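Pulled from TrEMBL, these are the features on record:
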BINDING   A:94, A:135  Fe cation binding site
BINDING   A:103, A:106, A:146  Zn(2+) binding site
DNA sequence: CTTACTGCAAAAAGTTTGCAACAGG
DNA sequence: CCTGTTGCAAACTTTTTGCAGTAAG
């Protein structure tokens with residue numbers, strides 16, 4: 001179990017190794033990502049959170065940082081189909097466990113942390129000559145508790 | 001095994017039942033979708049194909065038609081992360097078999113027509129109180145034949 | 001006839017880029 | 001210092017919208 005500081009240190013080290021610089025803006029963006037690991041934030045949302053402590057940061061910088069982190073596989077860029085890209089930390093413990101439940105009623109996105117697909121990946125390589133490097137599994141549906149209208153929307157449903 | 005005309009008839013009937021009108025533009029768009037079932041066309045691509053036989057159609061109309069078809073569950077709107085929405089027919093035979101292989105080398109998107117997830121859906125309902133209405137499974141990786149640079153790109157890789 | 005549908009052009013929304021100034025190592 | 005990085009504004013891309021005219025049923 002790593003602390004946020006440890007995890008940020010690891011990410012920073014990855015940046016340095018690849019010849020990138022640690023800047024105030026990049027650290028602030030990483031911090032927001034680590035502090036909101038459970039969420040699936042959009043660039044805009046990340047931007048606004050970073051702005052709280054760094055009012056002078058530019059939106060373009062956040063986009064450039066997220067691009068960079070995506071390239072380094074520190075975050076994963078996902079699109080749930082609502083027109084904005086969202087960004088998810090890809091710490092070691094999450095690897096290959098990118099399963100999501102999307103509730104069409106309340107818009108909630110829940111992460112499922114189990115790897116159910118190992119077997120299928122073996123099959124794909126054998127049968128299709130396709131070597132899997134990553135996967136993504138998403139279930140759309142609704143929670144029982146949302147079937148009655150009592151649940152509050154957390155996001156525009158997809 | 002239904003013919004294209006049969007399948008289009010079914011889609012048309014769905015439109016009528018829901019109180020929508022059958023127009024030249026909607027029929028042309030449906031025809032393009034049925035004639036290119038294997039592809040995952042973007043709105044722009046569909047627009048250009050429709051234009052071949054219907055030069056006066058507007059891009060906005062294609063967007064509006066695709067939205068409508070999506071709402072009626074005649075097509076599925078998917079986003080592979082390359083910045084454009086793509087549209088997939090959702091005929092009965094395909095239901096619950098939306099699995100894709102994305103080759104990061106050549107950009108090809110292949111459909112896998114098997115349902116591997118029944119068991120998981122039962123589990124989600126029991127353990128999470130989540131009733132699945134649809135799912136989506138995507139594998140990113142590369143074909144063995146693409147590992148050497150000999151394969152030609154079919155699309156900007158995601 | 002009536003109301004839904006269309007084409008066009010303009011607007012919106014999300015993201016990227018060019019550039020001069022700035023700052024990390 | 002030197003080169004990567006930043007903020008800003010402008011550009012770009014994809015999608016949506018307003019509106020006056022058109023056509024399906």
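Just so it is clear, glycine is given a Cβ too, placed from its N, Cα and C backbone atoms.
TrEMBL feature annotations superimposed on the structure.
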residue: A:103; record: Zn(2+) binding site; Cβ within 10 Å: 24
residue: A:106; record: Zn(2+) binding site; Cβ within 10 Å: 18
residue: A:135; record: Fe cation binding site; Cβ within 10 Å: 24
residue: A:146; record: Zn(2+) binding site; Cβ within 10 Å: 22
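The CA atom of residue A:106 (Zn(2+) binding site) is located 25 Å away from the CA atom of residue A:135 (Fe cation binding site). Here residue A:146 (Zn(2+) binding site) is positioned 28 angstrom away from residue A:135 (Fe cation binding site), judged by their C-alpha atoms.
According to DSSP, residue A:146 (Zn(2+) binding site) is assigned to a helical segment. Using a cut-off of under 8 A between C-beta atoms, the binding-site residues A:106, A:135, A:146 that neighbour chain B are A:135.
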